[in-house]
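To start, the structure itself, in C-alpha cells.
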Amino acid sequence: MSMPIASTTLAVNNLTNINGNANFNVQANKQLHHQAVDSPARSSMTATTAANSNSNSSRDDSTIVGLHYKIGKKIGEGSFGVLFEGTNMINGVPVAIKFEPRKTEAPQLRDEYKTYKILNGTPNIPYAYYFGQEGLHNILVIDLLGPSLEDLFDWCGRKFSVKTVVQVAVQMITLIEDLHAHDLIYRDIKPDNFLIGRPGQPDANNIHLIDFGMAKQYRDPKTKQHIPYREKKSLSGTARYMSINTHLGREQSRRDDMEALGHVFFYFLRGHLPWQGLKAPNNKQKYEKIGEKKRSTNVYDLAQGLPVQFGRYLEIVRSLSFEECPDYEGYRKLLLSVLDDLGETADGQYDWMKLNDGRGWDLNINKKPNLHGYGHPNPPNEKSRKHRNKQLQMQQLQMQQLQQQQQQQQYAQKTEADMRNSQYKPKLDPTSYEAYQHQTQQKYLQEQQKRQQQQKLQEQQLQEQQLQQQQQQQQQLRATGQPPSQPQAQTQSQQFGARYQPQQQPSAALRTPEQHPNDDNSSLAASHKGFFQKLGCC
C-alpha cells in the first residue's frame, strides 16, 4: 500500500488481444470520452437497444443500478471495495462499476467522482457517468479500460525496453501536466494507476490515468493562489515511488508528482529499485529506511548502464522549488532525445504488442491482471497484521474462542431438516452481482454478531473488575477493623427505583463479622446480575 490508497483498476474478463497500432499523440482521441456520454438521442442501433431493453419486462432489476447500468461479472476486489464490469443499457457502451461500503471509515468514491467531473473531457481520463447509493454501497460508474502498466510489466518479464519506456514516459508526463492544469496534484504515482485502453479501440495503446482518491488541489481554481508550504505532514502515496520531500514530511506540490514519475521510469528500466525489499520491524521504520536509501543513492548511479537523460530528468525535477511550475515540454524533449540517440522513432510500438507471437496480450493466455489495485497479492492491511500488540491478540483469541463456542452450539441446535435443505441450496456464481450481495449481507451480519460479542465480552470484563474492586475494598475494611460497607444492591435499588427489588438482607448491625464476607459476595453477585439483566445483556 504503500500507504492507505484506494486503487481501482478497470479490466474485463473477455478482453481479446490488441490489434492495430496506438495513436501516440495523446490529443488525437479527445472525442473518445464524449462518445459514451448518456443521451437518449442516439443512432438507430442505440434506439433499437433501448427499445429491446424496455420491451423486456422480465429483466432482473436487481442487477441494474443507476437506472440503466447492467451489472456483469466481478473483475476485481480489494480492501476498499469491489469492481464489476457493466453495460450502459441505453447505448451498449461497456462501463466499470465500483462498489464501496457506505459504512467504510474513509469513503472515497464521492470525492473521486467530483474529481472525475472536473477532469471530464480531458484526453485519456475515464469519463464518470454516475455516482449514487445502492443499498449498502456507494457506486461509481466510469469508462471500462484495459490492464495496467504493472500488469503489462509482469507479462513482459518485468522489464521494458528503452523505447517502450520513453513512449510511456512521454504520455505519463502529459497526463500529469493535464491534471496540474486543472489545479490538482495526484500524490499517488504508481504503475497500477496507469492503464491502456480496450482492444479494438482507437486508444487501445494510449496510457490512461485512473483512481483520484488521493488527488488534492494545490492552488485555488479562481485566484490561482498556491497552497502554503508546510512540514510534519503525514505520508501520502506509495513509498516505493514517492518523492524524497514526501518522506521528509513536507507538503506535496507539482514537483513531487514529477519526481515520483522518475522513480517509475527507473523501475521500468531496471526491473527493480535499490530501495525495494528493505526489512524493518514496522512500516514506519521501513518508510524511513526507504527515504534514507533514496537520499543516499546518486541519480547517475541509478542510471548506470542506461541513457543518461533519465538521470538528468530525475536530477532536474528534484531541484524544483515548492511552487515552481515544471517544464513539461522540456522533459518530453529530453526523453525523446533518447530515441534519436538510438536511431528509433516514437511509432506507437510497445513491448506488450509482441506478446503471444505478435498477437498482443490476451487474458485467456496471460494471467489475470491486477485490476486497478484490486486483488493485489499484498494489500496494505495484510502487512499491518504482523505488528499487532499482544493485548489485541489476546482479545482476538478470546473472541475466536467465543465464536467457536457459539458455532458449536448453533451446529448442535441445527435439525436434520435444516441440514438437508442446506444441501439443496443453489450455488451462486462467485463473480455474479447476486453472489456479491449475498456476501455483503453475510459480512454485515458477521460484523453485527462480532460487535455483540465484543460488547458481551467487555461487560463480562467490567463485571469481573467490579467484583475484584469490591473484594479488595472488603479486605481493606476487614484489615482495618471497620465494618464493611452496605451491599451494592441497595445503591442500585435506589438508582433503578421500584422496578428493582433485590432480596432483603439483614442489617449489618445484626450480622456477625463471620457473616459479612459471604453475605456481601452473594449480594454483590445478585446485584450485578440484576443490573445487567436490566440492560438486556444477560
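Glycine too: its Cβ is placed from the backbone N, Cα and C atoms.
Annotation source Swiss-Prot lists active site, proton acceptor at Asp188, citing sequence analysis. Summarising the environment of Asp188 (active site, proton acceptor), the number of other Cβ atoms within 10 Å of its Cβ, over all protein chains shown, is 25.
Secondary structure from DSSP puts Gly81 (ATP binding site) in a beta strand. Sequence annotations record features per position, and here Swiss-Prot assigns ATP binding site to Ile75, Gly76, Glu77, Gly78, Ser79, Phe80, Gly81, Val82, Leu83, Lys98.
Positions annotated as compositional bias 'Low complexity' by Swiss-Prot: 41-57 (among others).
Per Swiss-Prot, the feature compositional bias 'Low complexity' maps to 391-410 (among others).
Per Swiss-Prot, compositional bias 'Low complexity' is recorded for 474-498 (among others).
Summarising the annotation, Swiss-Prot assigns domain 'Protein kinase' to 69-353.
What Swiss-Prot records for Cys537 (among others) is S-palmitoyl cysteine, and it gives similarity to another entry as the kind of evidence.
Marked as S-palmitoyl cysteine by Swiss-Prot on the basis of similarity to another entry: Cys538 (among others).
Marked as phosphoserine by Swiss-Prot: Ser522 (among others).
Positions annotated as phosphoserine by Swiss-Prot, on the basis of a large-scale study or a structure entry: Ser523 (among others).
The phosphoserine feature in Swiss-Prot is assigned to Ser527 (among others); the stated evidence is a large-scale study or a structure entry.
Annotated region 'Disordered' per Swiss-Prot: 39-61 (among others), in sequence order.
If you look up Swiss-Prot, you'll see 366-428 (among others) marked as region 'Disordered'.
According to Swiss-Prot, the feature region 'Disordered' maps to 474-527 (among others).
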Local Cβ density at Leu83 (ATP binding site) - other Cβ atoms counted within 10 Å: 25
Between Asp188 (active site, proton acceptor) and Glu77 (ATP binding site), the C-alpha gap once rounded to whole angstrom: 19
Per DSSP, three-state class assigned to Ile75 (ATP binding site): strand
PLDDT averaged over every residue in the domain 'Protein kinase' (69-353): 94
Gly81 (ATP binding site), number of other Cβ atoms within 10 Å: 22
